[in-house]
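Engineer: Reproduced below are the annotations present in TrEMBL:
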{"type": "DOMAIN", "residues": "A:17-269", "note": "domain 'Glycoside hydrolase family 65 N-terminal'"}
{"type": "DOMAIN", "residues": "A:325-679", "note": "domain 'Glycoside hydrolase family 65 central catalytic'"}
{"type": "BINDING", "residues": "A:Trp360, A:Asp361, A:Lys592, A:Gln593", "note": "substrate binding site"}
{"type": "ACT_SITE", "residues": "A:Glu489", "note": "active site, proton donor"}
{"type": "DOMAIN", "residues": "A:689-749", "note": "domain 'Glycoside hydrolase family 65 C-terminal'"}
Protein chains: 2
Amino acid sequence: MQQTKRLFDIDPWKIASTTLDKTQRRLQESLTSIGNGYMGMRGNFEETYSGDHHQGTYLAGVWYPDKTRVGWWKNGYPEYFGKVINAMNFISLELILNGQLVDLATTSYDDFYLELDMKNGILSRQYTVITPKTTVRFTFERFLSLDNPELGVVKFSAESLKGNGSLSVISKLDNNIHNEDSNYDEMFWEEQAINEVVDPFSYLTVRTIPNEFQIEQFTVTAAMTHISQPEVNPIKTTGPLVTSEIFEFDLLPNQPITLEKRIAIITSRDHPQSTQLAKATAILNNLKNNTYSDLRQAQDIAWAKRWELADVVIEGDEEAQQGIRFNLFQLFSTYYGEDERLNIGPKGFTGEKYGGATYWDTEAYAVPLYLALADSSVTKNLLKYRHNQLAQAQHNAKQQGLDGALYPMVTFTGVECHNEWEITFEEIHRNGAIAYAIYNYTNYTGDTSYLETDGLEVLIEIAKFWADRVHYSTTKGKYMIHGVTGPNEYENNINNNWYTNTIAAWVLRYTSESYYKYKEITPHVIPEATLKNWEDIITNMYYPTNDELGIFVQHDTFLDKELIAVNDLDPKHLPLNQKWSWDRILRSCFIKQADVLQGIYFFGNHYTLEEKQANFDFYEPMTVHESSLSPSIHAILAAELGFEEKAVEMYQRTARLDLDNYNNDTEDGLHITSMTGSWLAIVQGFAQMKTFDEHLSFAPFLPKKWEKYEFHINYRQRLLKICVDDTVTLTLLQGNPLDITLYGSQVTLTNVLTVPTQSV
Amino acid sequence: MQQTKRLFDIDPWKIASTTLDKTQRRLQESLTSIGNGYMGMRGNFEETYSGDHHQGTYLAGVWYPDKTRVGWWKNGYPEYFGKVINAMNFISLELILNGQLVDLATTSYDDFYLELDMKNGILSRQYTVITPKTTVRFTFERFLSLDNPELGVVKFSAESLKGNGSLSVISKLDNNIHNEDSNYDEMFWEEQAINEVVDPFSYLTVRTIPNEFQIEQFTVTAAMTHISQPEVNPIKTTGPLVTSEIFEFDLLPNQPITLEKRIAIITSRDHPQSTQLAKATAILNNLKNNTYSDLRQAQDIAWAKRWELADVVIEGDEEAQQGIRFNLFQLFSTYYGEDERLNIGPKGFTGEKYGGATYWDTEAYAVPLYLALADSSVTKNLLKYRHNQLAQAQHNAKQQGLDGALYPMVTFTGVECHNEWEITFEEIHRNGAIAYAIYNYTNYTGDTSYLETDGLEVLIEIAKFWADRVHYSTTKGKYMIHGVTGPNEYENNINNNWYTNTIAAWVLRYTSESYYKYKEITPHVIPEATLKNWEDIITNMYYPTNDELGIFVQHDTFLDKELIAVNDLDPKHLPLNQKWSWDRILRSCFIKQADVLQGIYFFGNHYTLEEKQANFDFYEPMTVHESSLSPSIHAILAAELGFEEKAVEMYQRTARLDLDNYNNDTEDGLHITSMTGSWLAIVQGFAQMKTFDEHLSFAPFLPKKWEKYEFHINYRQRLLKICVDDTVTLTLLQGNPLDITLYGSQVTLTNVLTVPTQSV
């Protein structure tokens, strides 16, 4: 296990520190990112910071098709990789105190304090600069509005604690921005228009530079306005890709000055370039009569509403408490389901590395959380997103010479962007997760309207893909799937991955069953011959198993490997992905993340407890959990099997993955899609909430160290509160009585139900 | 089968054409490449050519460590890729006729003729330019000297056929040269010195630009001198990375002018920069009294000597005749064994794509030819080359966490440069071929001196690698090799590739046996425990086989595939590597090149004819021969099994692979290391020459279409001529009588032996 690298204090609601660790500024920036679903940014300073850091601002759905870079081209590789594009820095406030640039990398400072308040998404900061002439306290506060998603607000103030001084504040919209992860070190932005006849605003319009792959060219307009106290008339200047307003203040002791900066950002996703400026200035004008404190209050209320439903309260373990809140906060800052054109990017608005906005993580790990913690329309939007991209998924399948639809590994538009054959072409189990989410939504909500129509269309195309992708082995008399990468990416190009074969056959079955069920009302038709072929594949699918061990075998030759437990490995070899060459990892038995166990998790109602235990006992000891998606699934299964210690250990790894920088890469951005893991571990793990067969059940235990935990869920027009301490208290807060199962007994929840908490 | 794209006329000794196909200029350049082992170049024009083409000049052993480019970094990847560096263009003669640049891409011309004479390596060219004022015939001739490898000579002449005119000839040494295959589009050369006080020569010294990986920095000096008729005093000028001499001629009808350009090129491989210029000018001074015709005569004689031993005469099939000569010509232009620091690059001096100078092709495909057609010291030099790089091969093994030595896939220095995990880390069978070449040399020549000393050291290190790379499967009670790519690169990351397991066990056995044999005289020691471990591995190695089919199985799950013959595939799918996405190729049964059959070829004395036939019948129909290394091995085995038609078909593919551009990529350069294939197909195939167990045997047949074929071989201090028409005539030209086997009967060859030719 790695040592934790904790930058921030333990606090139930705050991410706060009195230290500026210049060697870890990138990590600090990642952890203090804010977002409002429409846009977001890393915890960059408003003023100049010349030390190592990563300036990053991101606008949801605004991306760039960066020319693919590979060592060796393989047939079928996509031509471009859609990158999250690093956008305009609109928070910039350059400070010049007594003629000297304020830059915490070089300027002496004191009393530094940085705080992200997760209750309302306010990022604030203070410090004191002492110069021979003047001692000045600077304060910053900013947020991205939930109520007006196109609005960002920065409030700056400076107060002389001693001596007089002069302060210039240069407020900028600055698009001299470069993607750190650009394949060929190219600029992605060019200037379109700047500051023409729109006093009192300054504005900047930029567009993405056209290249050979430009499917979608974006223009972005930002306008800014300022409220200063005392009132100052700024000087306006422009430069390439930047517009500035310069404010000159005199600083006198105990006479604070303040400058409030309001920015509206409009993109061509919503408005053509011709109306962008009008739209931006209208937003700012509409708020003319709102004070900063009005805006902040609205922000407090909006976040409070989210927390009311989503908060998980943990007593007795502040680290765990902070961890789950941080995860929920960052997840909702990234995505709260307002826009069906969007999805949940793996780094959200916190970094640009790897690019792409949509991974199968959404369907596999995020959907269960959004089903429980947001309106069902949010999940439905995530499903619609895939339906909207069906044509592109068909294109992907065709690229591989296959029928039907293959949803991509990484994408913005639905067209595959990933370019590594063993992932791009072979990690096709992702297609199963897309189908599983349709089942999950329908089964959880009871709303069959999506399944009957668009959902079935998606399912049919995915089923067609699988039916074409299998081959019949005359030697074995079975259908097989060769050449895949399973969820365990530490094996590539394997044959008959049990998980992939299982989910492929399941898709065929679920599609057939759904078709027969809604045949009369659905507009989609499946020919008889196709259904027969699917039936044949379902019946004759090959599943590697070993009766002696009572396990499902990960793939054809897994048991021929040298089988070693992680605990028997000299710790100097860990993490494998840093210590071993790739081939060694591949031929070892070590598992990156749940693979067979992922299938057992998805289809928990198909397997006996004995089967679950045998597989868990066999695979978990060989699992290194070097994917951030691994611990949650193991926590859930461990809890079900009564391995409390393992479940809690796994929870800890998922809850504070970023806060404690477990994977040593949080400086590149947060692991947004993995953040559902801690919630899954508590709700589906510790509380053992299950929803199979349209029926809700719980079997909670309380981790030894904890005194209590409590959460809410939405379920079929009900709102439930679950509180676990020495008793389990279920409260039906809204909706009709509901039959549920608690510790294996069927009960009807009408109001409040309390039973003693059982141990695992 | 693809249509052939034949640019040149059929001729037994010439590569000639009266057509300049501007759309295929690159292909034409590749096919008219010349070289002398020390340096070489593509068939570029001396004068300006602004159409699409590829200017390419290469100096043996002068390379550049280009920073690795990959899409996704994997642990263990090398940091740089050694690139064949495109060097100074020293043949350049810019022509300005009546003030107009002569450029065949735009200038009108007539009577074009281009010819490469394979008898002597002279590349010549003529054409007529008609301007309103003057009609001029231009003639070019050039060669790279075999006698003075650092010398290149260009003879240019111009003759007015009508009208007067003025002609400027600007003769350059021009190093404004860029590698087309540079990973990051960077320049590799910078200027060091130019034209200071060395009249009457012009010179240019350049060096490779230092970068972070610069293990070996090269400087190169070229000096040039001219002989003009009529005598003209040139004007000298220099520019960045270029030095020029400008000659002004008046053209009068029927009064030809000539300009002979002599260039000496010296590299820091042989001489430090401080002495390079002196060395270059000394070479030119030494030849002051030699006329062009003296130099040409020496060239004719030197090539004639090579052909005397190596020529393969074919009567009755001019295409075949031209093919084999072209291959031998280009092979010897690339490598004739003078320098033990060099190896046989896959594109020789004909292109720079892919880079790297040393592949396992040398040991697997080139060694048998050089053993027969050159002094045994040539092959010994190739073996020494690997011994010299043993430390680097140990480094490669260590990079993968393994013991012993792993020879690289692609290299200049011995350090692995290839960066694709499934090749770099997994195509480890190459290590077996390095060992096999030691056996081949020793068995062929009877010279055990290398094996006893350096050879055994190499063998021990390779054996140690294999012993560490296998793992013991407790499930099967066998040693296995998981995660490899076999010779068939259309499968990756497979388990228990029969060929790899076979050659690995063979290396352990051959090393042990050799050790016991030379234990008393070799300086190397193998501990008892190691030998015991090797014995255990040899005894318990796992070999996938199928008794029902009587075959060795390519790898563990090969028989689970959908097994289809290439003939049953719609031809629109071929070639697979252009038509199918990579994953589809991988999971198909189609084989790129001999895999199991490669092992049967190498160890032909270990298998019965029935075994050979069963495997050939099973695998060949699934083989697409999309590697240029494939057809020769199949021709040899087909011949042995009596499949004349197949053997001849395979010969044709290998003999004219480049001349007919079978693989559609000869524009990038010739397939130098595959060029041994046509010779192997005739000698080891049609003539069935075998040398197993230190005994020479033949069993020739004559292809139906052919009237006769004839070749020489060196064998253990003898020189033999083999002539096959309706009789087989073996002539011992030099050396003591020799016991050989002919058509299965043992005979003693003392002088001439003639027997009737048997059909297959």
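Yeah, the Cβs are placed from backbone N, Cα and C, and that goes for glycine too.
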Engineer: So, in DSSP terms, is A:Glu489 (active site, proton donor) helix, strand, or coil?
Structural biologist: coil
Engineer: List the other residues in this chain whose Cβ sits within 8 Å of the Cβ centroid of the substrate site residues A:Trp360, A:Asp361, A:Lys592, A:Gln593, in sequence order.
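Structural biologist: Same chain, not in A:Trp360, A:Asp361, A:Lys592, A:Gln593, Cβ within 8 Å: A:Ala364, A:Tyr365, A:Pro487, A:Glu489, A:Ser627, A:Leu629, A:Ser630.
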Engineer: Measuring Cα to Cα, how many angstrom lie between A:Asp361 (substrate binding site) and the residue listed as 'active site, proton donor'?
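Structural biologist: A:Asp361 (substrate binding site) and the residue listed as 'active site, proton donor' have their Cα atoms 14 Å apart.
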Engineer: Which one is it: of the recorded positions A:Asp361, A:Glu489, which Cβ has the fewest other Cβ atoms within 10 Å in this structure?
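Structural biologist: If we count Cβ atoms within 10 Å for the recorded positions A:Asp361, A:Glu489, the smallest count is at A:Glu489.
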Engineer: Would you work out the biggest C-alpha to C-alpha distance among A:Trp360, A:Asp361, A:Lys592, A:Gln593, the residues that bind substrate according to the record, and give it in angstrom as a whole number?
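Structural biologist: Binding-site diameter by Cα atoms for substrate: 17 Å.
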Engineer: Count the Cβ atoms, other than its own, that fall within 10 Å of the Cβ of A:Lys592 (substrate binding site), considering every protein chain shown.
Structural biologist: 21
Engineer: Just to be sure I understand, if DSSP states are collapsed into helix, strand and coil, how many residues of the domain 'Glycoside hydrolase family 65 C-terminal' (A:689-749) fall in each?
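Structural biologist: Each residue of the domain 'Glycoside hydrolase family 65 C-terminal' (A:689-749) counted once, the result is 3 helix, 37 strand, 21 coil.
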Engineer: In whole Å, note down how far the CA of A:Glu489 (active site, proton donor) lies from the CA of A:Gln593 (substrate binding site).
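Structural biologist: A:Gln593 (substrate binding site) and A:Glu489 (active site, proton donor) have their Cα atoms 8 Å apart.
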Engineer: Let's check the environment of A:Trp360 (substrate binding site): how many other CB atoms sit within 10 Å of its CB?
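Structural biologist: Taking all protein chains shown, A:Trp360 (substrate binding site) has 23 Cβ neighbours within 10 Å.
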Engineer: Which number gives the other C-beta atoms within 10 angstroms of the C-beta of A:Gln593 (substrate binding site), all protein chains shown included?
Structural biologist: 23
Engineer: What does the structure give for the C-alpha distance between A:Glu489 (active site, proton donor) and A:Trp360 (substrate binding site)? Integer Å is fine.
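Structural biologist: Checking the Cα atoms of A:Glu489 (active site, proton donor) and A:Trp360 (substrate binding site) gives a distance of 14 Å.
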